[in-house]
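According to TrEMBL:
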- 21-37: transmembrane segment (TRANSMEM)
- 25-171: domain 'YutG/PgpA' (DOMAIN)
- 49-78: transmembrane segment (TRANSMEM)
- 90-108: transmembrane segment (TRANSMEM)
- 114-132: transmembrane segment (TRANSMEM)
- 153-172: transmembrane segment (TRANSMEM)
Amino acid sequence: MNDKNPANFRPHTFASLRKKPIHFLAFGLGSGLIHPAPGTWGTLAATLLYWPLSCLLINPAITAIFLLAAFALGCWVCDKTARDLGVHDFGEIVWDEFLGVWLVLAYLPPALWTRWGTLLCYLAAFLLFRLFDITKPPPIRQIDRHTPGGLGIMLDDVLAAGYALAALWLAAAVL
């Protein structure tokens, strides 16, 4: 690794990420290094991390502030890391998956928590978010392709979270 030339920086080990805290965050605290499917591993790490985080998110205002801060931080760290790597939306950048699944978990219909229980809600949030993040139905794919920088990296996952939430709210209304 050449620290003098960040454009050539290719973090592929946990040790190399420790030297770049911004990359460590963008790589989902290192979870983006797991292959195959770093996005899925990043989503799993974020899902597991949400459990203790949810104890701190004690009211809607704190939750909204936390998620907005995670979005703003994500735009910055994902943009910086993508620029350093010279690749837009590098597969191992998974902070966007962290925010996406956190949005789904934070805004799940309350009725589902009661009917399904915690484990099934976490599983449904994980699976539906990954489904929409991977398949990128319209307009997610277009936004992913045409929105530059950290905003583009983050925005498609916010929209995938929206699709997952729509499906879960529909399920809560129907079931």
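Placement of Cβ uses the backbone N, Cα and C atoms for every residue, glycine included.
Residues 71, 74-75, 78-79, 82, 88-89, 93, 95-97, 99-101, 103-104, 107-109, 111-112, 115, 124-125, 128-129, 131-133, 136-137, 139-141, 143-144, 147 of the same chain, all 6+ positions outside the transmembrane segment (153-172), place their C-beta atoms under 8 angstroms from a C-beta of that stretch. Each of 21-37, 49-78, 114-132 was scored by its Cβ pairs under 8 Å to the transmembrane segment (90-108), and the highest score goes to 49-78. Here the transmembrane segment (49-78) has long-range neighbours at 22-23, 25-26, 29, 89, 93, 95-96, 98-99, 101-103, 105-106, 122, 149-151, 153-154, 158, meaning same-chain residues at least 6 beyond its ends whose C-beta is under 8 angstroms from one of its own. For the domain 'YutG/PgpA' (25-171), residue counts in helix, strand and coil come to 116 helix, 0 strand, 31 coil, using DSSP.
Over the domain 'YutG/PgpA' (25-171), the average per-residue pLDDT in this prediction is 96.
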